[in-house]
Structures are given as C-alpha cells and as structure tokens.
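A quick write-up on the structure given underneath.
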Amino acid sequence: MTRIFSGIKPTGHMTLGNYLGAVRQWAEVDQHRGEALFSVVDLHSLTVEHDPARVLRLSRQLATLLLAVGLDPAVCTVFVQSHVGEHTRLSYLLECTASDGEMRRMIQYREKSAQAQAAGDGVRLSLLTYPVLMAADILAYGADEVPVGEDQTQHVELTRDLAVRFNQRYGETFVVPRATKPVVAARVMDLQEPTSKMGKTTAGTGGVVFVLDEPEVVRKKVMRAVTDSGSGGGEYDREKRPGVANLLDLLAACTGGNPEALAGVYESYGALKKDTAEAVVEVLRPVRERHAELSADAGHVEEVLKEGAEKARAMARPTVDAAYRAIGLLPAG
Ligand code: ATP
Ligand code: MG
C-alpha cells in the first residue's frame, strides 16, 4: 500500500496557500489513497525566532484544523512531530549523510537566513539542518509520496538524494520518496505582492488569507488584491500578469474550474475579485464551522494526537532501528 507523509509547521495561522496547496488534498484525496500520516511538525518552528506560548497555541490550533478539514483519525494518522522521538533519532544519522554545501544551497535556507539577519537575529544552526530533519520525517515512515506545495520540491529532492546515498553506502534501508502537488494552486501568491508566495510568516498580513479569517475579512483582502496594469479580463499569464493569474488560480481551485478558461470569462477585474472572494469564503466556511465545534472538545483532539503518536512511533521504529544497524552502531540489545 502507498505510504504518504506530510506536515505543517506551527509558525503561524494556517493560510489559504497551505490549505489549497497541500492540506485540502490530504483530506480529500491522500488519506483515502494509502496509509497516510499527517503531522504538526513543531520542531521545525523552533528554527526561527518564536514565542513558546504561541508555538503551543498554534500547535493545538493546527492539530484541530487538520481534523476540521476532514482528516479522519480512523483512516489516517494525525500526530505531533515532537511526540515521536524517531524523527530526531534518525535526523542525526542523516546529518552524517548530508554535506554542509548541499544544505547551504537550499533556497529556503537562503531566504530565511537573510530574513533572520535583516531582523537582527542570529541564524540558528537548526535553520541550516532543517531539511535534514524534514528528510527524517519522511524517510522514517518509508513514505512513497509527499504531498506538498511547490515551495517544498527542493527539500523533497534533497530527501531523495539522502535516501539514495544512504542506501548506496550502507545497504537498502530507505524508500526513495517523491513529491506530489495539486494541479492548480500549488503556489498561491500573496495578494498584495503577487510575485511572492503567500506565507504564514509574511510580515504584514493584508495579502495573506487565513483559513480562520471571518468572511468579511476574506472579502476585504481579496477585493484589495493587487491586479496588474492593463484593463479588463484577458489572459492567464503568471509572468506578465501575476496578480490576475493568482486570482484566477484561486477561483479555479475553489470552484473546480480551469484558470485559463476562466480568464476569458471576465471583462473586469472587479467582477473577477468579487467571484473569487465569494468562492474562497464558501470553501473556507465548513472548515471554520467544524473548527469551532472541535475547539469546544479539546479532550477529543488530545486523544487523537496521543493515539496518532503511538501509531506513528510503531511505524517509524523498525526503519530507524534498521538505519542504526546499517550505519554500524551497536544494537542496544
Ligand atoms: P513558513 O513561512 O513558516 O514556512 P508556510 O506557510 O510556508 O510557513 P509550511 O508549514 O512551511 O507553511 O508548509 C505547509 C505546506 O503548505 C507545505 O506543503 C507547503 O508546500 C504548503 N504551502 C505553503 N505555502 C504555500 C503557498 N503559498 N501555496 C501553496 N502551497 C503552500
Ligand atoms: Mg514553508
């Protein structure tokens, strides 16, 4: 059976980008396609400046949201990364497999280390090694597929390289995984800055729609989205008209349409924005409602996470133990 693993970091509130680029697929498709695990990857949120109380709050909120979007604990495994020690156990062996140079080449490291420096914060060593821990997250479960947004492609490529290298050096131990991404909205762009991706940690949130935003807030953000020069509707062109292309992507992702076909339908940007705003509001409505219900029952979410961690641990342990033996470490007995 296909093994599937993916995760989301508690670095901020879940965005429409996270939802359309990854999480929605997990719930609608991936959990039914194989043996799937989805994780709140909390250790990754410690790689940048953070407030401990906020990490705690966001971890709970994200876990609740994962259930609210429709992940069913009877069908898949939902857990918190730090509850399963196998991730960090394996990460060290992969640090011994990866090289300093390949870590420094990671686009996200370059972007986020520049941001940290600009903010006057030091660059944490864990920010450099973060893709190794992510590789461990994936390889520990023998995942065949990793459903992620486009921005994570490079990290999954690195995971593949590390798996192949480890297998060549020490014998077949890891499944070599591949990234999968949605057909539309694999890269949702910031509504105010449509050449940058919509991210939870973007400063100034006017261009970022959060999954739990009130409908009025969603409408306002979409109606204020930056469009491109030139009038009317026109063509779907991500290079020349990134703002309009982003709105078309969002509308297509929310209505099941095709962005190129939709481009011909609209004669004014105002009409496109209005329909996009309503489509986004309707897609998010059930998630917000279910989140409110589940928030009233924190005990249930905790129970799901506890069982999830037990299941995940049992799945990861044999592979991680095998990696420890393969690399030449004396078994504990
Ligand atoms: P951060 O800025 O802290 O990295 P993030 O919004 O990128 O936050 P992650 O937890 O890194 O969130 O990513 C969770 C999932 O959401 C990943 O699969 C990632 O590829 C996907 N994702 C993130 N942003 C977008 C986006 N703008 N469009 C599509 N997918 C996205
Ligand atoms: Mg990210």
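Cβ atoms here come from the backbone N, Cα and C positions, even for glycine.
Annotated features in TrEMBL:
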- Lys9, Pro10, Thr11, Gly17, Asn18, Gly149, Glu150, Asp151, Val188: ATP binding site (BINDING)
- Asp137: L-tryptophan binding site (BINDING)
How many Å separate the Cα atoms of Glu150 (ATP binding site) and the residue listed as 'L-tryptophan binding site'?
18
Taking only same-chain residues 6+ apart in sequence, whose CB is under 8 Å from that of Lys9 (ATP binding site), what do you get?
Val40, Val41, Asp42, His44, Ser45, Lys200
Could you tell me which of these binding-site residues, Thr11, Asn18, has the fewest other Cβ atoms within 10 Å of its Cβ?
Thr11
Count the other Cβ atoms sitting within 10 Å of the Cβ of Glu150 (ATP binding site), across every protein chain shown.
15
Are there residues of the same chain, six or more positions away from Asp137 (L-tryptophan binding site), whose CB falls under 8 angstroms from its CB, and which are they?
Phe5, Gly7, Ser39, Val41, Gln81, His87
Can you name the residues of this chain that are 6 or more positions from Val188 (ATP binding site) yet have a C-beta less than 8 Å from its C-beta?
Thr15, Leu16, Gly17, Leu20, Gly21, Gly149, Lys197, Met198, Asn246, Asp249, Leu250, Ala253
For Thr11 (ATP binding site), what is the secondary structure by DSSP, using just helix, strand and coil?
coil
Listed ATP-binding residues Lys9, Pro10, Thr11, Gly17, Asn18, Gly149, Glu150, Asp151, Val188 - what's their greatest C-alpha to C-alpha distance in Å?
19
